[in-house]
Structure formats: structure tokens, C-alpha cells
């Protein structure tokens, strides 16, 4: 008997389910369109071809087109790293049009790393300079410097792309171009992590949870990347455990302290951002790295979110089980203190991450630390471990999903009618405020949307790096700095038929390496003898030809957890942003385990909320598992 028949017999398609689907379908539809808006807006803010940033050099990520009240027409190392990491993940999942943007960014950072600035030069602290002019020159005005999260985040972004290159056999590009740049940033992190600097909001000069968390991640994955390119990072290996040891000191017993050396309460979305940007899909609910589903991170989520409930008029009358608009920290006075789009989206994203982790491990645990978080959403919550097969688990997961979606719905409500996202929205009337078209806001939308759809990045190695010494030590280590000039990208990665010369100049002299490549196309497979890695996950794009009418939406459901375990309310929404009358294409890209076999179907949610299943039989698919094969496409037609 088909799954569709079973549904009919069990009576699952009822008014209650229709109401759930109605709310989800409305948000799904907006997110499908908004994701396209966000991707376009990000590219509009990247030089040299970005429509909104005339004058910015190639590959430079501009924070916002706003040049007055406030003037954000600069490039920040932190923001750029976070944005490019988002694009790298999209590229890994099949958005190959982003290739040149990522390459141009990496090339620009080779220049930026070598620019002398008020924080120093390449090997004397200059990598901690927070922002630069869009023409790749130093900004010399007064500013909160240094900011030590930037090099770590830039390293993470470049490692992500470097790993894609390695997974597809392009070892020379990863080794000769990406690794020397990453090595510089890892050297900075290892040398300066134990020194104070300004936090991500550029206001507190002290020690910041977000900074320390992303520094730990960068050194862990940096060491693994070094090994993958045939090198090593001893300074990564010696400092990562000490950084993790220090990270534990931010836990107060009930929430994560955002900054030492601050007179504030310490409740700050700095900590939510730290959790989501160190999320590892292979990790458990580990308190030591404050994984999104960990008791500490969930308790902190409640404390931070609740700190905004009473201070914004927008949040009046909302219960503890309802999402609210979220700002940076409750004492904020910038623009009179308002909710931020990226902060509100971070609150949602942490919960989507947690849902993914619970689903993967097949259970959730409630401890004394996290009990208040769960009780606010499910009054019957009690300490214990609940299997995914239990009714309590299902009820809690449903409540958390609804809570998470509530934050995204707030963003939908206050986004401009054309989808534009500024930095902030007014705490009283919800109107957009501060810098327009903030690049980070758009990146936050894309990452939250991906996590909502169970599209996750690769592991960064948390499971092998979650222990620390018995006694913390104030240490540092010296690495290797070298200037890098990228004259062009190899044809196997870029446009074909080019010659690449990467020149690396270190403190001990000059080492030049040249590579001539004759591969004809960026889509061809390298024929070199370089070893090739078999990916553990594959980005599978489902292309469906289906003629629809206005108000209808298409979802993908299937027999595995990534496709909702046949639950229609957990189906994956397809996008129609490429739909035309001559080519009615719906599509979605989902990251699935390599070698996984499963059954699936598409469903159509009508404008009246009714659900229509495809005709039988169930479709079947096995995810490829082969050397260098990290993407795949399935082409179907509605039946």
C-alpha cells in the first residue's frame, strides 16, 4: 500500500493539519521569495560588479550601501567572513554561479592582509584591523580596534571553500592559494587570542564570548585543513584546547556572559551568534562548545530572548511561549536601542539547529539547566531523556518549531514590501531603521532559512575537539606569516586555459611557486594523480516540472529524517523563483548523506490549504557516493 493510501485511511489530512500547513505554507512562500531577494542583495553589495556599491574593488564585501546616517560604506573583516561563508555553503549545495564571487573575495583578502593599518602590518597585529575602505586601503580614522574575531571568521570562510576544492580534486588551488592565506589568519588567532579587543558590536574592549568561540573553531578546522593540504599547524593544536578551556569561564550558571570587562548584564545576542556559528551537525548537545541543543545554550536562549520582552513596545502582550523581536542587548542605546534583523534571525536559527541535532541523535534531554526553556514552551516538561518515538518528544519538537518560526515571522512582518532588510527595525512601530540593505541581515536570512530546511554545513571537527586541560593557562603561540599575491585562479577552478602564479613572501625570504594548467573547463574533472576525497554528504538538487496556479506551493517529503519522515508538516519547500510559463520549474537543494537510499514524493498544498499527493508509486533514489562527487541533480515531472 502506498504512503498516500495510508494517509487517507488514517485520516491525517484533517482540519488541524491543514491549519499547521497553512501557517507553514505562508511562511514557506515568503521565505522562498525572500531567499532570492537576499542572495541578489548580497551580490549587489559586493564589488566590483555589485549594483549598489559602485567604486568598491573586486571581491570587496560592503557592509551596506548607506553612506550617511550611518555611513557603512566600508568592508569589515568580520561581516565579510560571515557573508562569504554563507555563499560558500550555497556554492557547495549547487549554486555554482557564485564561484567567481568567492574567488574574487579570496583574491581581495590577499591584498587586505598585506595592507599596513593602525593595528599593525601583516605580522605585527594588522590582521586584527576591523574595517577597510572599499578600495582596499587602510581606514585611519578613530575606531574600536583591534577586533580579533575577523581573522577567525575569514579563515573559516576560506577553509570552507578550500575543502570544496579538495573534495573535487583541485588540490593545487587549495594548497597554493587558499592555505597560505588561511595560515596567516590562524597564526594571528594563536598569537593574540588571549589579548583583549573590541567585541563584534565594536563597543566593549575586553574579552568576548563570540570572539573566543569562533577562534576555537577556526583553529580546530584549521589544523584539519592543514593536514588535508599536506602541511601542519602546531600552533593550532597547542592553542585550541586552551581557548576551549577559557571559553568555559563565560558560563554564569544560568546564562552565557557576553563580555568580560563590561558593566552590562551580559545578556546579549553575541552569545546566540556564537552558538550558531560554531554549530556542528555531527556534534551532540555538548555544553563545552555551547552547541545549539546543549542545556547551557538553551537556557541562555531563554535568558537572552526574555530580556527583550518588556523593553520593546512591539513585544507587548506576548506570552513566554511566543517569539519576540530581539535586539543586541537590553541596555543598547544605539539609534535608541531597537530590534535587529540578524539578532531576531539568530534566535530562530539556534532553535532550527537544535531541532536538527535532536532529530539526528533520535532523542532530546531536559536537564535542570534547560528545564525553564522547555517549560515555557511545553508546560508538561520534566527532566529526563525523551526518545523521538515518544509523544512527549513530538509535542516538544512541535512547540520548538512553532517558537522558531515565530521569530522568522517577525522578520517577515517588518521587512520592506520588496523584501529589503536594513540593520534594525523600530521597537515601537516596526519601521526599518539605520543602515539600509545590510549585507549581514541578508546572510542571516539565508542561513536561518537553510537550517529551517535541514540544510547544514559540513562538520568542523567538534567531536574530536571538545575536551580541554584540567587547568587553563594564559598562553599563545607563534605561527607563520607570509604575504600572498593571487594573480589569477587555475582554469580548473576559474575560466580555463590560464596560467596561475602564486608568490609567497615570508620573513625568511621569498619562495615562488608557479603552476601552469591546461584544463579546458571549470566543469571538467581534473586528471592529475592527486588523491581525491569521497564526500560524506552530497548536495542533491530536486528539479520538478509542475504547473501550478497562484497560491499553490510544492513540498518534498520522504522516508528519511532530512525529508520529514513522511510528515507533511515537515516537508521541504521547493522554490519557484525560476518558474516560467514555458518552464514551470520548482526546485530545492538538500544536503543528504552519501550512499543513503530512500523513497520520496512531492505534495501540492493548494490555496485552500488542502494537500494533494502525487500519484503512486513512491519515487526511489540513492545518493551518490563516489570520489569528488559532492553534488547531484534529480529531475522529475509531477504525476
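Every residue, even glycine, has its Cβ placed from backbone N, Cα and C.
Of the given residue ranges 588-613, 614-639, Swiss-Prot assigns the label region 'Disordered' to 614-639.
Range annotated as region 'Raw-starch-adsorbable GP-I sequence' by Swiss-Prot, chosen from 456-493, 494-531: 494-531. Same-chain residues lying 6+ beyond the ends of the region 'Disordered' (614-639) with a Cβ under 8 Å from its Cβ atoms: 2-5, 92-94, 164, 167-169, 525, 532-535, 537-547, 554, 559, 592-604.
The Cβ neighbour count for residue 202 (active site, proton donor), using a 10 Å radius over every protein chain in view, is 16.
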